[in-house]
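Please read the structure below before turning to the comments.
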Amino acid sequence: MPNKYARKLAAKLAPDPAAFLAALEAGKSARPAVLWLGESVESPFESLPPPPWQPAFVEAMADGERPGRNPLHDQGAYYCLDLSSVFEASALCGLPSGGTVVDVCAAPGGKTIFAHRALAPERLIANEVIGKRLGPLTGNLRRCQVPAETRCADPSVLATELAGQARVVLVDAPCSGQSLLARGQDNPGAFHPVNVNSCANRQKRILAESVGLLAPGGFLLYSTCTYATEENEEVVAWLLSRFPELMAQELPSHAAHRSPHASFPSYRLWPDEGRGFGAGGFVALLQLSGIQKCV
């Protein structure tokens, strides 16, 4: 049963509070998807019709499909992820290809692999500050044959070493992980204000450091797998006020999911929308002012 903090969030934010709470309690909102790494393999899976934001190289699995058990998975033909992660990462689609891309919080590798597929960067850096998470990250990149440099550095170190070099920066930030409940996973304290505020402060620090990575005209993608405005719209609002040279970008493919909780473009997915889009999440795409260079 969702606790009082979850019920409070539902009443404040959710378009259908009862349906949202039911989705949390049921824990069955996960929607597996596969991100294909090549063009030549014929899919063996039954898939669902794609929403407007789903790129052609992703398939949303129909009920009952288990792509992680197919031999093609171990062969590196595709990467498995939740469809709500595709919702977030698909903000990259349509951005200029090539250049340098930095994934600041990369483990276990889904956003890095998506960036490789969508942007074909000349240089791809997958950073993970938590050392014990490097193993799964490097393992997934190796299995999927993604040519990325792996790093284990604080964002402040990256911002010094790679200042102004990145055409695209991804910050899939550590968060309270409230959507894990909609996937059927335990996550005690996910809705507690102390945890939420602690995560928001960490996210602000990571984002502030990550801005320094951007080349003029570069793009910063910010995403979480949580629902609280304190970690989503309010974090982006703080960043925009601190860095007025950043501007939030419209995502026409995501228009149906534009957040009503911000004056700037940002987008959120709920786990109870009845269309099998996954456990939910948040994304905003920001651009640094200036003329984009070939970096």
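Heads up, the Cβ atoms here are built off N, Cα and C, so glycines get one too.
Listed in TrEMBL:
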{"type": "ACT_SITE", "residues": "Cys225", "note": "active site, nucleophile"}
{"type": "BINDING", "residues": "Cys105, Ala106, Ala107, Pro108, Gly109, Gly110, Lys111, Glu128, Asp154, Asp172", "note": "S-adenosyl-L-methionine binding site"}
{"type": "DOMAIN", "residues": "1-289", "note": "domain 'SAM-dependent MTase RsmB/NOP-type'"}
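When the Cα atoms are compared, Lys111 (S-adenosyl-L-methionine binding site) and Cys225 (active site, nucleophile) turn out to be 13 Å apart.
Across the structure, Ala107 (S-adenosyl-L-methionine binding site) and Cys225 (active site, nucleophile) are spaced 14 Å apart at their Cα atoms.
Between the farthest pair of Cα atoms in the S-adenosyl-L-methionine binding residues (Cys105, Ala106, Ala107, Pro108, Gly109, Gly110, Lys111, Glu128, Asp154, Asp172), the distance is 20 Å.
Secondary structure at Cys225 (active site, nucleophile), as computed by DSSP, is coil.
Around Cys225 (active site, nucleophile), the C-beta neighbours below 8 angstroms that are at least 6 residues distant in the chain are Ser84, Ser85, Cys175, Gly177, Gln178, Ser179, Leu180, Ala279, Gly280, Gly281. All protein chains included, Gly109 (S-adenosyl-L-methionine binding site) registers 27 other Cβ atoms within 10 Å of its own Cβ. Taking the Cβ of Ala107 (S-adenosyl-L-methionine binding site) as centre and 10 Å as the limit, one finds 24 other Cβ atoms among all the protein chains shown.
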